Amino acid sequence: MQSITIRRPDDWHLHLRDGAMLEGVIADTSRTFARAIIMPNLVPPVVTTSDATAYRDRILKALPAGHHFQPLMTLYLTEHTSPDDVEAGAKSGLITAVKLYPAGATTNSHGGVRDLEKAMPVLERMARIGLPLCVHGEVTTPEVDIFDREAVFIDTVLDPLRKRLPELKVTMEHVTTADGIDYIKAAQSNLAGSITTHHLIINRNAILVGGIRPHYYCLPVAKRENHRLALRAAAVSGDARFFLGTDSAPHVDPLKECACGCAGIYTSINTMSCLAHVFEEEGALDKLEAFASLNGPAWYGLSPNEERITLSRQAEPVVFPAKIETGAGPVTVFDPMFPLHWQVMPQA
C-alpha cells in the first residue's frame, strides 16, 4: 500500500504548556490533528472552570492563521475541587474530562491527590453526570519499584475505585503494561485506555543501553519488551477501548540534559508518520483510522471528524527536524531509531 486516507485524527492526551512554549509547539499538533485533550498540569495548574476558560483562550490565540483546531479542556483534580464547578464546566461544554494525578507522579503533579477519599464528592458527581475521569495510573509510594507503579495502581487504587463507583467512566491514560491492557480488556464497561506513540516503539533499553538517553525518558517510564508488544497488539486490534493519546510533552533541552532531567517525549510533529510505520509493520494499516480517528471520539461521546488526511509512502525517508526552536528554547523531537517513509500530505 502506497497511500492511506483516514478521517482527520485527534490526540486524546496532549501537553501544550503555556506562553512561549505553547506558541512554539501548537502548530505541530494543529497542522494534523483536529482536536486534543489538553493536560492541565501548568504552573499553577488548571483547577477551575475559570482557569480552563482562560487557558483555552490562550491556546486559540496561539493558533496559526488558517489552522482549525479545538482544544478539549480538562481540570486538574485536587482534594479541594468543587463538584458544582466541575458540573457547571461540563454542562457548558467547556470541560471534557477531569484529570487525576497522584501527587508526585509526573511533571507538575505535586498539587495532585494524596487522599482519594477527599476527592470522592467530585468523583461521585462526575459519575452521576457522565463526565470521564482521566487517570495517570501510577502509585508514588517510595517502596514501589518504578517499573511496577502501574500494576500496583490498578490493584490498590483503580480497581477499588471502580468497584465503589462502577458508573464512573475512566480513561487509563498512557497505558504502558500488559497488566493495564489486560485490565481494560477484562472490564465490562466504563473503562478505556489511551496509548502513546513512543510506548509502541521503545522499551526501557532505549533509555539505558549505551548510556543514559534522556530524550527517551518519560513517565510512565517505558517498560520491558513484552509490555511494548502487548501495547502494539492492543493498538492494532481495532478494539474500540484503545485509542491514541500521544502524551507529547515538550521540555527545553537544558531541562532534559542535566543531572535530574524532566520526564517527557515530544512526538507531535512526527506521530502520524511513526504510527503508519508501526501499523504497516504489524500488517494493520486498515486499523490505523480506528486507533487515531474513531475510537477516541466514540469513547468521549463526540462525532468523528469529517475532514480527511492522506498519508503517502515515500521512497526516500521523510526528514523531520532533530529539534524545534521555541521562544522558550530548543526542544528535541522524538527519534524512533528507524527511517520514516510515511508522510502526511498537505491538504488541498
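Backbone N, Cα and C define each Cβ position, glycine as well.
What Swiss-Prot lists as active site is Asp247, and the listing cites sequence analysis. Around the Cβ of Asp247 (active site), the number of neighbouring Cβ atoms within 10 Å comes to 27.
The Zn(2+) 1 binding site annotation in Swiss-Prot covers His13, His15, Lys99, Asp247, and the record cites sequence analysis as its basis. His15 (Zn(2+) 1 binding site): 25 other CB atoms within 10 A of its CB, across all protein chains.
Summarising the annotation, Swiss-Prot assigns substrate binding site to His15, Leu16, Arg17, Asn41, His136, Leu219, His251, Ala263 and lists sequence analysis as the type of evidence. Here the Cβ of Asn41 (substrate binding site) has 23 other Cβ atoms within 10 Å, regardless of which shown protein chain they belong to.
What Swiss-Prot records for Lys99, His136, His174 is Zn(2+) 2 binding site. Classification of Lys99 (Zn(2+) 1 binding site) by DSSP places it within a strand. The Cβ of Lys99 (Zn(2+) 1 binding site) lies under 8 Å from the Cβ of Met39, Pro40, Asn41, Thr74, Leu75, Tyr76, Leu77, Leu133, Cys134, Val135, His136, each of which sits 6+ residues away along the same chain.
According to Swiss-Prot, the feature N6-carboxylysine maps to Lys99.
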Least Cβ-crowded entry, counting other Cβ within 10 Å, from the binding-site residues listed as Leu16, Leu219, Ala263: Ala263
Residue among binding-site residues His13, His15, His174 with Cα closest to the Cα of His251 (substrate binding site): His15
Mapped DSSP class for His136 (substrate binding site), helix or strand or coil: strand
